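Straight from Swiss-Prot, the features:
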ACT_SITE  95  active site, charge relay system
ACT_SITE  224  active site, charge relay system
ACT_SITE  253  active site, charge relay system
DOMAIN    22-255  domain 'AB hydrolase-1'
């Protein structure tokens with residue numbers, strides 16, 4: 001099983017398929033690298049090398065108690081890129097993974113990178129405030145933590161509805177999508193589930209985004225019920241120099257998994273990679 005051991009002894013599991021220029025996928029909360037199966041196949045079939053790791057406390061990586069903050073996540077990512085000696089990398093990050101990508105650039109720069117893709121990602125900041133009126137209210141994050149702590153198995157089933165906008169007429173989500181979400185969520189540690197909410201809910205990545213000096217594609221659904229586009233994707237595209245924004249009309253937070261949306265995203269991703 002492919003493992004990268006971090007500077008503090010955590011074992012990070014990753015998939016490493018294909019050959020060619022590397023594309024590294026960073027998953028969201030509460031998922032793992034399996035969320036990127038369709039994208040991994042798409043890039044490998046197109047001649048790229050696809051890599052997707054499980055964040056600490058997620059999937060097959062070490063179920064640690066500590067280290068659920070973005071400085072640590074960014075350093076874990078740096079350990080992976082360094083261990084595999086990856087260069088000319090495109091980082092593709094979903095949701096919470098977008099914070100990991102942004103903080104990686106903020107802490108480690110873009111020397112190993114070619115480009116970046118932010119998909120339904122949390123930067124610049126999620127929490128609602130006077131400066132961020134379109135953000136998410138504090139009580140939402142409290143409810144997320146409470147759900148993880150009290151009855152997480154049912155909570156993840158309920159959460160999948162909004163994640164995929166299954167509560168909208170004409171939605172394209174399948175029962176398989178929901179089942180896959182639940183399976184991955186249950187592989188996350190309970191402590192990681194709670195602490196990640198504090199991390200992605202309240203961390204401000206504005207200064208990290210200002211350090212981007214590589215081509216960046218921002219993709220976001222305008223019906224994202226988890227990470228509102230007006231507070232995140234649109235603002236990130238304004239902050240990152242020369243970023244390209246693609247808005248998917250009517251699409252949910254689960255673009256990379258839902259039939260129809262995932263094929264569209266794969267086409268846009270490959271077009272961006274081929275530039």
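A Cβ is built for glycine as well, from the same backbone N, Cα and C atoms used for every other residue.
The average pLDDT computed for the domain 'AB hydrolase-1' (22-255) is 98.
The 10 Å shell around the Cβ of residue 95 (active site, charge relay system) contains 28 further Cβ atoms across the protein chains shown. There are 24 other CB atoms within 10 A of the CB of residue 224 (active site, charge relay system), with all protein chains counted. A gap of 8 Å separates the Cα atoms of residue 95 (active site, charge relay system) and residue 253 (active site, charge relay system).
All protein chains included, residue 253 (active site, charge relay system) registers 24 other Cβ atoms within 10 Å of its own Cβ. Residue 95 (active site, charge relay system) falls within neither a helix nor a strand when secondary structure is assigned with DSSP, and so counts as coil.
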